[in-house]
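J.: One structure, as structure tokens, below. Some questions next.
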Amino acid sequence: MVATQTAEPVSVPGAGRTAAAPGPAPSRIRRFARAVLPGPAPGANGAALYRRWWLPWLWTAPAIVCAVVFGVFPFFNTVLLSFTDAKPLGGAASFVGLDNYTRMVDDSDFWLATRNSVLYAIVVVPLMVLLPLMLAVLVEKNLPGIGFFRSAFYTPVLASSVVVGLSWQWLLADDGLVNTWLRKAHLIRSAIPFLSDSWLILFCAMGLTLWKGLGWYMVFYLAALGNVPKELHEAASMDGAGAVRRFWHITMPGVRQAMMLVGTLTGIGSLRVFTEIYMLGSSTGGPGGADRTLPFYIRDVGLDPITGNAGYGSAVSVALFALTLGLTLLAQRLTKEDEA
Amino acid sequence: MRAGRLTASVAGIIALTLTAAGCGLSGGSDGGDATAGGCKVDKGNVGSGKLTGDVKGQITFQTTNLKKDFGDFFNGVIKDFEKAHPGAKVKWIDDPGDNTFTSRTVADAQACTLPDVINLNAPTATALTKAGYLLDLGTKDPDAAKPFVPSFWKSGTFKDAEGTSIHTVLPWYTGGVLITYNKDLLSKAGVDTTKSPTSIFGLFADYEKVAKAAKGKYYATMANPIWRIPADWDQMNIKTLSSDGKSAVFANDPRTVQWVAWMAKLYKEGAMPKDSLSSSNDPSTLYSQGKVAYGSTNPSFVRFVKQNSPSVYAKTGVGQQPYDALGKASAGAPQYISVAATSKHAPVALSFAEFLTDAENQTAWCKDPDVVIFPTTTESLNDPFFQDVTGSDPFSQARKLVADQLKTASTNQTNLSPAVQNAIVSQVQLAMQGKKSAEQAVKDAQEKANELLKQAG
């Protein structure tokens with residue numbers, strides 16, 4: 001108490017003359033910190049005076065705490081729960097060893113959900129990597145009225161999932177806009193069962209994901225395209241390269257890192273898809289539950305408050321994590337091999 | 001160096017996992033004070049004995065999506081309660097009531113932060129009762145049952161962790177069930193609109209007549225079986241679950257296969273829009289356009305048609321739901337009010353819950369012109385508002401019809417978990433698409449339901 005009330009400046013160990021330089025008296029906290037914590041290297045001056053080993057930890061602490069509380073801890077808790085028969089509402093849980101994992105192997109519904117999730121990623125990822133890039137190339141040029149198109153392509157990103165789902169239901173119904181147009185154009189006689197055939201529901205959900213994500217990733221690519229030197233395009237044009245060749249040999253290599261990022265984000269998103277299936281296939285996940293993806297299946301077996309088994313749901317979550325990680329690493333490896 | 005980092009990483013993972021073990025698997029009593037669902041609570045909130053204590057302190061009251069339309073009414077109720085109980089304070093919050101309601105409520109319960117008085121549906125009440133998060137109202141106030149129609153009080157019976165049936169909810173309001181139809185479309189099909197069918201299969205036969213007369217121009221009803229399971233089976237007195245609720249038994253009744261076969265036949269014959277098999281089951285839009293002959297079974301639907309499609313409303317008729325083997329109306333699935341066992345002011349919470357659901361307040365709310373709901377107290381249902389119907393319009397008829405049937409309604413309401421309901425519905429959908437026989441679908445549905453019930457323990 002006495003020490004903190006003194007008006008004498010406290011010298012910083014090793015700070016030399018600079019620390020004792022005249023100026024406003026340091027605050028109590030700073031004086032305490034200087035007294036207790038190890039100081040900068042001998043002879044340090046200017047900004048080096050404020051370099052302490054703990055400062056980076058202090059600034060990153062909120063982010064680290066958030067990551068641990070909301071990411072790391074739940075992850076390890078999920079891994080642990082996957083070896084138990086825990087219930088969603090808590091209570092005593094027993095260790096069941098690998099039972100949940102062996103049950104998964106024999107569970108046909110789990111494999112159906114895995115197939116749907118993987119198929120979703122296989123179809124959506126390549127399209128989501130390429131289509132927004134092509135769209136970005138189209139709207140990159142500063143033509144009159146191009147702002148309208150940029151906004152129009154971005155609008156689906158802002159629309160709520162519920163509104164988008166209802167709109168697509170209306171479009172794809174037997175007497176909806178799509179079937180009506182096709183009938184009027186004499187291309188079909190009876191309605192295409194977009195909302196009652198399980199395969200069509202799955203592909204329509206993929207279409208919905210693409211439609212809603214195009215604008216978002218287009219913005220990524222617009223930023224990346226700004227880093228591709230215009231001189232390269234000009235030189236290639238002068239050498240007689242057409243638009244397709246320039247796109248393939250200049251634009252794509254120039255935005256390779258952005259493509260990698262979009263591919264990874266889309267891959268993770270595709271394996272976790274839930275809303276689109278729910279919107280088009282209702283709470284059962286399509287007729288017979290045939291369109292259920294892994295998150296849908298986790299909800300059914302793990303999260304139901306009455307009959308859910310959080311242990312088994314966690315085991316399926318771990319499998320989903322492993323699948324996501326595996327596919328991401330595979331994509332990275334393929335990209336590196338391609339670069340080499 | 002790499003090996004050292006790997007060792008450090010593995011050690012970190014193990015440490016975190018063990019930490020997670022400490023936090024994640026804890027549950028139940030900590031050996032201290034009384035606990036409910038793993039939360040420390042006042043001793044008076046659990047065990048036997050009537051709840052006693054001063055009605056003083058602040059409580060939280062949570063409704064489901066009611067603030068926007070009924071703010072004035074509930075603020076008035078709260079004000080009256082606070083006036084009658086000086087020292088008591090009620091803080092009202094309103095949940096949006098979306099499809100994450102149950103999971104959010106469960107998360108609140110696990111965090112020991114459940115609102116003191118909360119509006120619940122049957123599945124959420126089932127889960128919370130089993131885990132011990134709700135006050136046993138039958139024990140804590142032996143007179144709690146008195147104001148309610150016996151069937152409604154009985155419908156609020158759920159099993160605790162030991163499998164004992166207890167009352168953890170007060171019945172609040174219900175929607176009622178009836179059949180609504182377009183008289184013109186039924187007459188064209190030769191269906192007698194003056195006489196409602198008395199059985200579910202009789203109603204199905206009428207659907208078939210409509211399908212044959214319509215020839216694809218309009219439909220009888222919607223296809224998604226999710227709104228018929230287990231309601232139709234309850235009405236037919238088909239047991240969906242065993243008496244202890246631990247296994248599915250509906251496949252043991254041959255009428256279940258007949259019911260599925262009927263649904264498959266009707267779907268194939270065009271009695272239902274093909275695209276409604278697994279999508280929206282709400283007929284409001286198609287009915288208002290004159291494209292579906294039978295409307296929703298909820299009386300509020302009649303008001304919807306009256307407001308949105310006067311020309312179709314003029315052709316609308318209402319009738320008694322088929323009583324079938326049950327012989328009377330089903331009480332359906334009312335909304336409930338419950339008190340959290342974790343409440344720090346349980347006497348205030350219980351007192352407010354009973355005040356909110358008493359005859360006077362139920363009747364007052366049901367008279368609100370913005371709502372079509374029905375009370376669950378005997379005194380309210382005898383109110384002239386429900387009985388003295390002078391108008392011959394469908395809306396007035398619907399109100400009297402439902403009020404009458406609710407006084408003697410059955411308690412035969414099967415409470416299926418959403419996952420089990422989806423598992424059964426999925427198999428019926430496959431049968432309707434012709435991908436499975438009705439027999440196989442019923443057998444598979446029972447197997448899938450039992451898998452889920454078994455894992456629930």
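Count begins at 1; order follows the chain as displayed.
Placed from the backbone N, Cα and C atoms, the Cβ positions cover glycine too.
A quick note: this is a predicted structure, and the numbers were derived from the prediction, not measured.
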J.: Quick one: which of A:35-54, A:255-274 does TrEMBL have down as transmembrane segment?
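T.: Range annotated as transmembrane segment by TrEMBL: A:255-274.
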J.: Of the ranges A:1-25, A:226-250, which one does TrEMBL flag as region 'Disordered'?
T.: A:1-25
J.: How about the transmembrane segment (A:255-274) with the transmembrane segment (A:118-139) - do they touch, taking at least 3 C-beta pairs under 8 Å (6 or more apart in sequence) as contact?
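T.: Per Cβ check, the transmembrane segment (A:255-274) touches the transmembrane segment (A:118-139).
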J.: Same chain only, please: residues at least 6 beyond the ends of the transmembrane segment (A:191-211) with a C-beta under 8 Å from a C-beta of the stretch. Say none if there are none.
T.: 116, 119-120, 123-124, 127-128, 131, 156, 164-165, 168-169, 172-176, 178-179, 182-183, 269-270, 273, 276-277, 279-281, 286-288, 290-291
